[in-house]
Each structure stands twice: as C-alpha cells, then as structure tokens.
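Here is what Swiss-Prot records for this protein:
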BINDING   70-73, Asp143, Ile180, Gln190, Arg193, 230-233, 281-282, Asp306, Ser309, 340-342, Lys355, 393-394, 422-423  NAD(+) binding site
Amino acid sequence: MFIESFRVESPKVRYGAGEIESEYRYDTTELVHESHDGASKWVVRPKSVNYHFKTNTTVPKLGVMLVGWGGNNGSTLMAGVIANREGISWATKDKVQQANYFGSLTQASTIRVGSYNGEEIYAPFKSLLPMVNPDDLVFGGWDISSMNLADAMTRAKVLDIDLQKQLRPYMESMCPLPGIYDPDFIAANQGSRANNVIKGTKKEQMEQVIKDIREFKEKNKVDKVVVLWTANTERYSNVSVGLNDTTENLLASVDKNEAEISPSTLYAIACVMEGVPFINGSPQNTFVPGLIDLAIKNDCLIGGDDFKSGQTKMKSVLVDFLVGAGIKPTSIVSYNHLGNNDGMNLSAPQTFRSKEISKSNVVDDMVSSNAILYEPGEHPDHVVVIKYVPYVGDSKRAMDEYTSEIFMGGKSTIVLHNTCEDSLLRAPIILDLVLLAELSTRIQLKAEGEDKLHSFHPVATILSYLTKAPLVPPGTPVVNALAKQRAMLENIMRACVGLAPENNMILEYK
C-alpha cells in the first residue's frame with residue numbers, strides 16, 4: 001500500500017514552528033582487544049548513544065549553479081526540470097510521454113514506514129523531511145562554451161525532437177556565464193569549445209566566480225545557492241607539501257598563480273569562502289588536502305566525487321552480493337564505449353586516468369570485508385577500459401565480465417551488457433545531490449554529553465549513495481556497497497523524525 005505522507009506521533013518527537021526535533025537512541029557496538037595471560041580475544045560490546053536532532057523545516061528558495069551548465073548533463077537536467085514544471089508531454093515512436101523524475105532517489109523512490117493489516121506500507125522518500133521542490137529551483141552557471149541552453153540541448157542529441165521543439169522557447173535565452181578554462185587539465189580536443197572563458201590570473205578567476213555567485217543570488221532573490229561541477233573530467237592535480245597540503249599553502253599558491261591549481265579547485269575555493277555548498281560530479285581530485293582543511297574551518301559542505309549512474313552502480317551491487325554470498329570475485333573487466341563530449345574528453349590518457357581510478361576503487365571495501373575469501377593484500381584483477389565512438393553519442397555501452405571462484409574450485413562467470421543513457425541517468429542524480437546537500441544544511445544534531453547542536457561534518461558522507469568515489473572525513477571508513485549507502489542515508493533521515501532504522505527484521509510476524 002502507498003501513502004502520500006505521514007506524521008510521527010511519539011513523546012520523543014516534537015513538531016514546532018519551522019522545526020522538527022527528535023530524541024534518538026543510536027544502537028551500535030564497540031570492539032575491545034583484550035589480552036590475558038598471553039591469550040588475546042576480541043570482545044564486542046553493545047553500545048547506545050542518545051542523540052538530539054533538530055531540522056529546520058523552512059524550505060528555502062534555492063539557486064543551483066552548474067559548472068558546465070551547457071554540457072550534456074546540464075542541458076538535459078535543465079530541460080527535464082522545465083518539462084516537469086510546465087507539464088509537457090511529447091510524442092515518441094511508442095507513445096505520448098509525460099515528463100517525470102524517474103531515476104531520482106528523492107522524487108521517484110519510496111521508503112517503508114510500517115505495516116497495516118498484514119500489508120507493508122510505503123511512502124515517498126521525499127515525505128520523510130521537507131525538501132525543495134525541483135520545479136521551484138532557479139538555475140544558472142558557467143560554461144567555457146557560449147552556446148545557449150536550447151542549442152546545447154540540440155547539440156547533445158539526448159532528448160526527442162518533439163520535446164526539444166517545445167522546450168526551445170524556454171531555453172534559448174539561457175546563456176552560461178564565462179567559465180575557467182585551463183587546457184593543461186583537460187583534453188586538447190576541448191579547445192574548439194572554449195570561446196567563453198574567464199581571463200586573468202587564478203586569483204582573479206576565483207574572485208570572478210565569487211562575484212558571479214553573489215550577483216546570481218542577488219538577481220534571483222534566492223535564499224541559498226548550491227554549486228555543482230558537471231563539467232569535463234580533469235587530470236589529477238599533483239599534491240605536494242607547500243603547494244596545496246594546507247589551507248594557507250593552497251591560498252598562497254592561488255596568489256602566486258601556481259599552474260597546478262585546477263579550475264575545479266578554484267571553483268570549490270570560491271564556494272567555500274562564500275559558504276556555498278560545492279559538489280564535485282567528476283572523478284578528479286578537486287578536494288586537495290588544503291581545500292578540505294578550508295571547508296572544515298569554514299564549516300561549509302563539500303561532497304563528491306564522480307556521479308554514480310550506470311556501470312559502477314551495477315558493480316557496487318553485484319560485487320556486494322557475490323562477496324556477501326561467500327563467492328570470490330577474482331577478475332572484473334569493465335569495457336565502455338561512448339560518443340558524447342565526455343567520451344571525447346576521456347580519450348586523452350591523463351583525463352582517462354582520473355576516471356579509471358574512480359571506477360576501480362569501487363569494490364575495495366567489499367573485498368576487505370571478507371578475509372575468509374581474500375588473503376591480506378589480495379584483490380581481484382580489475383581492469384577498466386573506455387573508448388570514444390562518436391556514432392553512439394550519449395548512449396554509452398558498458399560490458400562487464402565477472403569471474404569468481406565458487407565451491408570446490410569451480411569457476412563462475414557473469415557477463416553483463418548495459419546500455420547507459422548517460423545524461424538521462426546523471427541528470428536526476430544531479431538533482432538529488434543538490435536537494436540533499438541543501439537539506440543537510442538544515443539538520444543539526446548533538447550526541448549525549450555535547451554542549452550544543454552542530455551541523456553534519458562538512459565532508460558530506462550523506463551523499464555517498466550518489467557518487468562513485470565517496471569523499472569522507474579523515475579517518476572515516478569508505479563505504480561503496482550501494483545498499484549500505486542507501487540505508488545510511490534513509491536511516492539518518494528517519495532519525496530526524498524519531499523513526500527507528502529500517503532493519504527488515506519484521507519480528508512482529510516471526
């Protein structure tokens with residue numbers, strides 16, 4: 001059964017004017033390694049910590065600024081939001097299609113809230129806490145190409161022609177601001193697009209981004225802004241002492257116009273200095289140590305890295321299943337070919353390396369979770385190949401072969417073919433990242449014994465479900481298994497309204 005909304009009634013939950021407060025008991029464990037008389041043992045002790053959550057329920061007018069607004073992802077997202085807002089329908093070869101937000105966790109998925117008369121009851125994910133309606137978002141952004149959003153949509157070749165014709169009047173007046181362009185960080189083949197760039201030194205470019213954010217906020221009268229990088233994958237930046245290892249060194253390097261400070265890092269610095277959340281949707285190491293340090297000092301949300309949309313999402317499910325079932329993956333070979341601008345940029349070895357790292361690390365935590373299957377240091381052979389094939393356009397082909405060891409020396413091979421409509425999968429993920437980042441800034445919490453409420457850690461692990469290479473605070477375990485990531489996100493939101501985590505025990509029927 002499906003219900004549109006619900007209200008929690010509990011002595012530990014209070015709905016006030018503009019806020020929800022909850023008292024929540026967090027049940028976990030602590031491990032102790034004890035030694036007695038030369039013998040050692042592990043002891044697991046149940047542990048409970050009481051938390052107080054406070055969520056601001058006033059939904060702001062939210063502005064979204066995309067770096068790479070005129071790219072395939074940006075133009076597709078813009079088109080989708082307009083089509084939903086205006087209730088547009090269009091003819092395909094199969095049917096008359098209605099606009100929707102399929103593929104969005106916040107807009108098109110559900111959560112279980114309990115059971116009624118023996119039937120499980122589900123409600124929209126977005127009903128847990130008040131969120132910004134995507135139809136109300138105000139968009140803007142930067143691009144190194146001056147092409148307006150209507151022409152960018154046509155260039156992308158993602159959406160049906162009938163839909164494009166209906167959207168053109170809404171989008172042809174939308175033009176991106178000049179963007180930061182450094183040909184050393186992306187493929188040389190992107191130079192032909194770069195006719196709309198911010199001139200000057202790196203410091204001047206960063207200051208222009210700050211100015212752009214302020215003017216966008218003032219012009220559109222928005223309460224908050226979230227900035228998201230959906231531009232080209234950059235090569236990895238060098239990280240070294242004295243260059244970008246601390247906030248002081250990073251800012252000094254910007255002042256000195258150091259060549260190794262990437263455009264994405266400049267955007268991120270500008271956002272952090274303005275107190276604006278910044279999300280990195282590409283695989284490069286935007287968040288160098290000095291930038292993470294700056295975000296923590298300024299208590300400004302940062303999140304990333306790299307949208308998790310197609311092949312990697314499948315991998316994070318399948319490997320989790322195999323290892324959890326006691327099956328040992330020994331070889332994972334992933335092949336992709338695509339023909340959009342992302343594929344053209346990734347045809348350069350230095351930018352492909354960033355993507356290869358992001359895609360390859362996704363199974364690490366699952367492998368390390370099972371020492372029965374894997375010896376220390378042992379890891380599946382894992383190869384990732386990406387090729388540029390212009391004809392297939394945005395319709396990326398992903399082919400995977402998983403070879404595993406099974407019972408008594410047997411071998412199992414699974415082969416998958418996945419046609420990933422790249423931008424149509426990524427656009428709703430961008431939407432979720434923006435909405436959840438904004439929501440995160442309205443949640444405060446404190447553990448028992450702490451003096452005052454505080455925000456989540458600025459490094460937003462809550463966004464991990466949506467990214468290939470989750471950015472986590474120093475010393476925090478990295479979790480890539482998709483089911484764990486979704487459970488973490490959902491259960492934190494449940495805690496904000498005093499609901500227990502969804503553990504699927506269903507003891508009332510046992």
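One is the number of the first residue shown, and numbering goes on along the chain from there.
Every residue gets a Cβ built from N, Cα and C, even glycine.
Within the same chain, the residues at least 6 positions away from Asn73 (NAD(+) binding site) whose Cβ sits under 8 Å from its Cβ are Leu66, Thr230, Gly281, Phe307, Ser423, Arg426, Ala427, Ile430, listed in sequence order. Around the Cβ of Asp342 (NAD(+) binding site), the same chain contributes Asn72, Asn232, Thr233, Asp422, each under 8 angstroms and 6 or more positions distant in sequence. Listed in sequence order, Cys420, Asp422, Leu425, Arg426, Ile429 are the same-chain residues six or more apart from Ser309 (NAD(+) binding site) with CB atoms under 8 A from its CB.
In the structure as shown, the Cβ atom of Asp394 (NAD(+) binding site) sits within 10 Å of 24 other Cβ atoms. If you take the C-beta of Gly70 (NAD(+) binding site) and look for same-chain residues 6 or more apart in sequence within under 8 angstroms, you find Asp143, Ser145, Met147, Asn148, Leu149, Ala152, Pro176. Same-chain residues at least 6 positions away in sequence with a Cβ under 8 Å from that of Gln190 (NAD(+) binding site) are, in sequence order, Ile144, Pro183, Asn232, Asn341, Met344, Asn345. The DSSP secondary structure for Asp394 (NAD(+) binding site) is coil. The Cβ of Ala231 (NAD(+) binding site) lies under 8 Å from the Cβ of Val67, Gly68, Gly71, Asp143, Ile144, Gly179, Pro263, Ser264, Ser282, each of which sits 6+ residues away along the same chain.
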